[in-house]
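Asker: Have a look at the structure that comes next, please.
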Amino acid sequence: MRRHAIILAAGKGTRMKSKKYKVLHEVAGKPMVEHVLESVKGSGVDQVVTIVGHGAESVKGHLGERSLYSFQEKQLGTAHAVQMAKSHLEDKEGTTIVVCGDTPLITKETLETLIAHHEDANAQATVLSASIQQPYGYGRIVRNASGRLERIVEEKDATQAEKDINEISSGIFAFNNKTLFEKLTQVKNDNAQGEYYLPDVLSLILNDGGIVEVYRTNDVEEIMGVNDRVMLSQAEKAMQRRTNHYHMLNGVTIIDPDSTFIGPDVTIGSDTVIEPGVRINGRTEIGEDVVIGQYSEINNSTIENGACIQQSVVNDASVGANTKVGPFAQLRPGAQLGADVKVGNFVEIKKADLKDGAKVSHLSYIGDAVIGERTNIGCGTITVNYDGENKFKTIVGKDSFVGCNVNLVAPVTIGDDVLVAAGSTITDDVPNDSLAVARARQTTKEGYRK
């Protein structure tokens, strides 16, 4: 059976008090609507239509060709929004799920189960519900004497008795697609809001003797919508807790989960230890037996087995096995560290390849460079790579020793087994097995201070 999805993402989100389009506010480093799209796609849906309005181009820019789009110029209610997908879906067979773009915690597993329940019951519609202690603001599930759904009533249209009901509609539905678009044309806006409500489609189906199911989830967090910054922080916390829980169950030690942020696309090997205050974002891959020291930040990087990152920032870089970084080092985009490398305190590496066993231990900048195997770069060494217009490359061979406070003025090549004397400014290439000294000779005037 064909399966389709409609993501409702046209709301302005005025309660966010933001210039940014509501569904583009991020949870765990990713726009809310992108979380929803990934869960929808993961549930086995063949085609997705996202309903956009204010800020449409921004949403399209994030989701790209993973979705089709329909534009809702005026926000006249959820039924009106769904009807905007008519040109894409009206004649399709199969099941269509409707999901709100501001529910970033919904999982593909719950959507899969909702669809399966709906199709197994041969229902025309199924609503995902949950029971919560404080149902204010949600539509209530009103059941008849036999426990079947009678209707869904919105908060502003509910009687006091209905407001006392704690089973709520999540705003997530599964429909027989053709039934959905047939009934949408019959929805009226005679309610307190003057809007066209999608739950009214369920009442129309019931009035015609159709089957409407309720599938209740026990995970209330999943259906939480985000309407303001407080709810955004709650969703962030819930996503953080879920992600950390997953990694801990898979063999990762997280010393303080409450202060540790790990993005949803991060992979971490077993027996790795994450210390407090760490942030790991993007498509980062961390191997086994790694230690990520407190307050480190890692983005879109690869950290291989046995490496140790201490209080450092790593962006778009790779760190080899058993390599030590930090404390207080910065690996910028293009930094590639081999195995058994040491990058020490207050060292900055940018677009540089440090081969196995290389050491840059203190107070150095290495940019646009290649440092050979087992070469030692002394404290305060700088690759002078920029002339104000262009960047130039520095190459240092293997088994070389660069003394403290050396300037390597690129473009320049230092050979293998070279010794560069401390305090030198190197402007010319140095061949293998050489000593390079480029500094003024010391002059001492004895008795000068007497």
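Glycine is treated like the rest: Cβ placed from N, Cα and C.
Reproduced below are the annotations present in Swiss-Prot:
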REGION    1-229  region 'Pyrophosphorylase'
BINDING   8-11, K22, Q72, 77-78, G139, E154, N227, R332, K350, Y365, N376  UDP-N-acetyl-alpha-D-glucosamine binding site
BINDING   D102, N227  Mg(2+) binding site
REGION    230-250  region 'Linker'
REGION    251-450  region 'N-acetyltransferase'
ACT_SITE  H362  active site, proton acceptor
BINDING   N385, Y386, A422, R439  acetyl-CoA binding site
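I would like each feature placed in context: is it buried or exposed, what are its neighbours, and how far apart are things?
Answerer: According to its DSSP assignment, G139 (UDP-N-acetyl-alpha-D-glucosamine binding site) is coil. Cβ neighbours within 10 Å of G139 (UDP-N-acetyl-alpha-D-glucosamine binding site), excluding its own Cβ and spanning all shown chains: 26.
Following the DSSP three-state reduction, the secondary structure of D102 (Mg(2+) binding site) is coil. In the structure as shown, the Cβ atom of D102 (Mg(2+) binding site) sits within 10 Å of 27 other Cβ atoms.
In the predicted model, the region 'Linker' (230-250) has a mean pLDDT of 97.
In sequence order, G344, N345, F346, V347, G378, C379, G380 make up the list of same-chain residues 6 or more apart from H362 (active site, proton acceptor) whose Cβ falls under 8 Å from its Cβ.
In the three-state DSSP classification, N385 (acetyl-CoA binding site) falls within coil.
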Asker: Given A10 (UDP-N-acetyl-alpha-D-glucosamine binding site) and D102 (Mg(2+) binding site), what distance in Å do their CA atoms have, once rounded to a whole number?
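Answerer: About 10 Å separates the two Cα atoms.
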Asker: Tell me the Cβ contacts of K22 (UDP-N-acetyl-alpha-D-glucosamine binding site) under 8 Å, same chain only and six or more apart in sequence, or just say none.
Answerer: G11, K12, G13, M16, M32, G101, D102, V226
Asker: Let me know how many other Cβ atoms fall within 10 Å of the Cβ of L8 (UDP-N-acetyl-alpha-D-glucosamine binding site).
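Answerer: Within a 10 Å radius of the Cβ of L8 (UDP-N-acetyl-alpha-D-glucosamine binding site) lie 28 other Cβ atoms.
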Asker: Which three-state DSSP class does R439 (acetyl-CoA binding site) fall into?
Answerer: coil
Asker: Does DSSP give K350 (UDP-N-acetyl-alpha-D-glucosamine binding site) helix, strand or coil?
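Answerer: Assignment for K350 (UDP-N-acetyl-alpha-D-glucosamine binding site) reads strand.
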